[in-house]
C-alpha cells in the first residue's frame, strides 16, 4: 500500500486522484503482481509526493494489465496539486482473501491438480468459494498459495 508513483520519460511522478476509484486500484495491484482487496485512496492519504504529477483523469475499466492501457490524460497534462496524490492498498488480508490465507485449500473436479473448483478447509469444515466478486486476483492468490 502507498502513494502510486509512475516512471515516464526518465522521471518519477505521482497520479492525481481525479476519477480515481477501485477499478484503477485493481489495475495497479495487478500491474505490481499483488493480490488482495484493491482499494483506491485519495487526498494524499499516504502523504504528498514531490516532483511532477504525471497522470490525471485515470479511468480504468478494471480489466487492463497496466495503467498505460487505461483511459487517462496525456502524460504531464493535469490540473492538480500534490494534496490530490492518489494511493492504493492491495492488502491481502482484507475481504474474502482473509479466509483463503487462514485456511487449507485444494482444487477439486479438474482434469489435473492445477485446475478445478476451489475448496477450502475452514473452522473444521470443507466448503466451496462463492464467485461473487471473484476476479483474477483471487485466482492468483489461490495459485500462489497452492
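Residue positions begin at 1 at the first shown residue.
Backbone N, Cα and C atoms are what each Cβ position is placed from, and that goes for glycine too.
Features as listed in TrEMBL:
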- 16-80: disulfide bond (DISULFID)
- 29-90: disulfide bond (DISULFID)
- 60-70: disulfide bond (DISULFID)
- 1-91: domain 'SRCR' (DOMAIN)
- 105-146: domain 'SRCR' (DOMAIN)
Counting other CB atoms within 10 A of each CB, which of the disulfide-bonded residues 16, 29, 60, 80, 90 comes out lowest? 80
How many Å lie between the Cα of residue 60 (disulfide bond) and the Cα of residue 29 (disulfide bond)? 13
Quick note, residue 70 (disulfide bond) and residue 29 (disulfide bond): C-alpha atoms separated, nearest Å, by 14
Around the Cβ of residue 70 (disulfide bond), the count of other Cβ atoms that are within 10 Å: 20
Determine, to the nearest whole angstrom, how far the Cα atom of residue 16 (disulfide bond) is from the Cα atom of residue 29 (disulfide bond). 17
If you average the pLDDT over the domain 'SRCR' (105-146), what number do you get? 81
Quick one: Cα separation, residue 29 (disulfide bond) versus residue 80 (disulfide bond), in Å? 23
